[in-house]
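Structure record follows, encoded as structure tokens.
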Amino acid sequence: MIIKPKIRGFICTTAHPAGCEANVREQIAYVKSRGELKNGPKKVLVIGASTGYGLASRINAAFGSGAATIGVFFEKPGSEAKTGSAGWYNSAGFDKAAKEEGLYAKSVNGDAFSNECRQTVIDLIKQDLGQIDMVVYSLASPVRKMPETGEVVRSALKPIGEPYKSVALDTNKDVLVEAVVEPANEQEIADTVKVMGGQDWQLWMDALEEAGVLADNVQAVAYSYIGTDLTWPIYWHGTLGKAKEDLDRAALAIDQKLKAKGGAAYVAVLKSVVTQASSAIPVMPLYISIVFKIMKAQGIHEGCIEQIQRLFATKLYSGTAPDTDEKHRLRLDDWELRDDVQNTCREIWAQINDNNINELTDYLGYKAEFLRLFGFGLQGVDYEADLSGEVKFDVVELV
């Protein structure tokens, strides 16, 4: 079939296998261009490894420091006549590139919240790697099936206390609209913390520790976003912020346990990027379009792969203990939060309208980046080619 993008809401329902592979190879090339990370990790588990920051972490570990990697994700394979998910094709592309270089790469496709998935990963580590020296936790899921009860809990993207009203971008019609989001109730807040907070990360770390598969000096990191006053009402001061605060709590608890073996756990606060997760949050597409324009003009723009390369090289594996903020977090959002960047952001925000959106923001860049997530718009890819949606690779299927 000839595969074209089909957009529904903030999701692209198709993905291009060759385009996704090309996207992965571009990221690999960037990591290699930065040189080898001499004292980087060697045996790495990435939970949430198929897109965005998780995929970028797996690529940096493997191609920046020659690490053996195990990636966990929940993705959909394709068939002859139907495309799979972008994360499936990304992971297949990663697997192929890793094998070409003789790097160990195993993938587990299943529910990362389940005890079965944890046990499968532990067995794999024991069998193939013995122990791991890094754990990356990068899950972005709207639902969590509780491992003990089977209860399905859903997260909510909502403000707390009062309705949220703001200008936002309708990315289907390319016009500005007023977004109105009603506030969350107590149950929705609690459920969002259960799904997107630090509880599951702790379950993973406890299970890995009890199984004896964490090496001395193991580094554990989970990813977060704080943002600015433009996004706080819907994000940091909303249900998601409560979940991310719980991630901070978990990091301190995990860090205390890992200290005994010379290890450490951190939350890394990252910059805003175009991901399948961020495109679902009202206001983020508009904010990202503005901040991209400013940061590109100043030569400080980063995508997922650049952010994680900087995290590894300058924070986690620089050879010295990394600087943290007052909450023990690693801050990679430092360039985005510079006063000059944010002040310009606010100025543009105040004057934005349907007529000047492409002039004042990088909305065209945002849209191109969004399509790239699904393998569309990459150089050197024949988008008129007749392709099968079926791509096989070395993956343990728990689905």
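Backbone N, Cα and C atoms are what each Cβ position is placed from, and that goes for glycine too.
Residues annotated as NAD(+) binding site in Swiss-Prot, with sequence analysis given as evidence: 48-53, 74-75, 111-112, 139-140, K244, 273-275. When other Cβ atoms within 10 Å of the Cβ of G52 (NAD(+) binding site) are tallied across all protein chains shown, the result is 25.
When secondary structure is read from DSSP and collapsed to three states, E75 (site 'Plays an important role in discriminating NADH against NADPH') falls in the coil class. Residues or ranges marked as site 'Plays an important role in discriminating NADH against NADPH' by Swiss-Prot: E75.
The substrate binding site annotation in Swiss-Prot covers Y225. Less than 8 angstroms from the CB of Y225 (substrate binding site) sit Y235, K244, V269, L270, K271, S272, D333, each of them six or more residues away in the same chain.
When other Cβ atoms within 10 Å of the Cβ of Y235 (active site, proton donor) are tallied across all protein chains shown, the result is 26. Look at Swiss-Prot and you will find Y235 tagged as active site, proton donor, backed by sequence analysis.
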Exercise. Tell me, which binding-site residues from S50, G52, L139, V274 are within 10 Å of E75 (site 'Plays an important role in discriminating NADH against NADPH') if we use the C-alpha atoms?
Worked result: S50
Exercise. Taking DSSP three-state, what's G52 (NAD(+) binding site) in: helix, strand or coil?
Worked result: helix
Exercise. Using a 10 Å radius around each Cβ and counting other Cβ atoms from all shown chains, which of the recorded positions E75, D111 yields the largest count?
Worked result: E75
Seminar exercise, completed: Around the Cβ of S50 (NAD(+) binding site), other Cβ atoms found within 10 Å total 26
